[in-house]
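Visitor: For reference, the structure I am asking about is given below.
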Amino acid sequence: MAAGPRTSALLAFALLCLPWTREVGAFPAMPLSSLFANAVLRAQHLHQLAADTYKEFERAYIPEGQRYSIQNAQAAFCFSETIPAPTGKDEAQQRSDVELLRFSLLLIQSWLGPVQFLSRVFTNSLVFGTSDRVYEKLKDLEEGIQALMRELEDGSPRAGQILKQTYDKFDTNLRSDDALLKNYGLLSCFKKDLHKAETYLRVMKCRRFVESSCAF
């Protein structure tokens with residue numbers, strides 16, 4: 001019985017290490033269930049990484065007495081709040097899979113630019129020791145979502161909305177209070193957006209493939 005969790009962890013790690021099939025013609029060779037499983041695992045990994053980073057940054061730079069008021073001020077800060085994306089599991093269940101994939105793609109793409117500056121901000125690895133790989137992880141998830149869109153749209157995806165607006169760059173001047181608050185807000189949005197993307201992918205996976213892990 002003790003081998004169960006270990007086996008599950010090893011399987012999850014193995015799936016995370018699997019690359020997406022790059023050639024369009026080869027996508028049908030990978031079952032849809034595997035595409036969804038890989039996408040969900042990658043989204044979960046990124047969301048956890050973002051949550052851990054936010055907490056570490058908070059502990060390192062934001063006084064405990066100021067956190068609550070700052071978090072309230074950040075409520076309307078995230079760009080993702082300006083697009084008509086579902087805000088939770090219940091709303092996500094009312095949308096089609098293609099809609100949820102498009103929202104997921106928009107959320108991921110909005111961070112491709114800003115995260116390239118993370119390694120310059122956290123050069124001491126105090127907060128984000130793997131920051132130089134976050135861009136690669138986001139690109140990997142982007143490819144997985146695009147693969148799912150091709151599968152669900154019979155290999156001929158319609159021209160989707162192109163995200164023109166994105167988040168600001170992270171500020172490298174950590175001696176400035178304004179810069180610290182800006183980075184704190186960006187990390188909060190990064191965490192929220194990845195949580196949304198993970199939720200959308202899990203909703204789609206669960207309603208297509210009935211599983212015991214669908215309660216979340």
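Including glycine, each Cβ sits where the backbone N, Cα and C put it.
If you look up Swiss-Prot, you'll see 1-26 marked as signal peptide, on the strength of experimental evidence. For HIS45, GLU198, the entry in Swiss-Prot reads Zn(2+) binding site. The disulfide bond annotation in Swiss-Prot covers CYS78-CYS189, CYS206-CYS214. Residues or ranges marked as phosphoserine by Swiss-Prot on the basis of similarity to another entry: SER131.
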Visitor: In the structure shown, which of the disulfide-bonded residues CYS78, CYS189, CYS206, CYS214 has the fewest Cβ neighbours within 10 Å?
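Guide: Looking at the disulfide-bonded residues CYS78, CYS189, CYS206, CYS214, the Cβ with the fewest others within 10 Å is that of CYS214.
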Visitor: Under a three-state reading of DSSP, tell me whether CYS78 (disulfide bond) is helix, strand or coil.
Guide: coil
Visitor: List the Cα distance (Å, whole number) between CYS78 (disulfide bond) and CYS214 (disulfide bond).
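Guide: Cα-Cα distance, CYS78 (disulfide bond) to CYS214 (disulfide bond): 28 Å.
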Visitor: Around GLU198 (Zn(2+) binding site), how many other CB atoms lie within 10 A of its CB?
Guide: 25
Visitor: I'm trying to understand the geometry here, so how far is the Cα atom of GLU198 (Zn(2+) binding site) from the Cα atom of CYS206 (disulfide bond), in Å to the nearest whole number?
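Guide: Computed Cα spacing between GLU198 (Zn(2+) binding site) and CYS206 (disulfide bond) is 12 Å.
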Visitor: Of the recorded positions HIS45, CYS206, CYS214, which one sits closest to CYS189 (disulfide bond) when you measure Cα to Cα?
Guide: HIS45
Visitor: Work out how many Å separate CYS206 (disulfide bond) and HIS45 (Zn(2+) binding site) at their Cα atoms, rounded off.
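Guide: On Cα coordinates alone, these residues lie 18 Å apart.
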Visitor: Quick one: Cα separation, CYS214 (disulfide bond) versus HIS45 (Zn(2+) binding site), in Å?
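Guide: One finds 17 Å between the Cα atoms of these residues.
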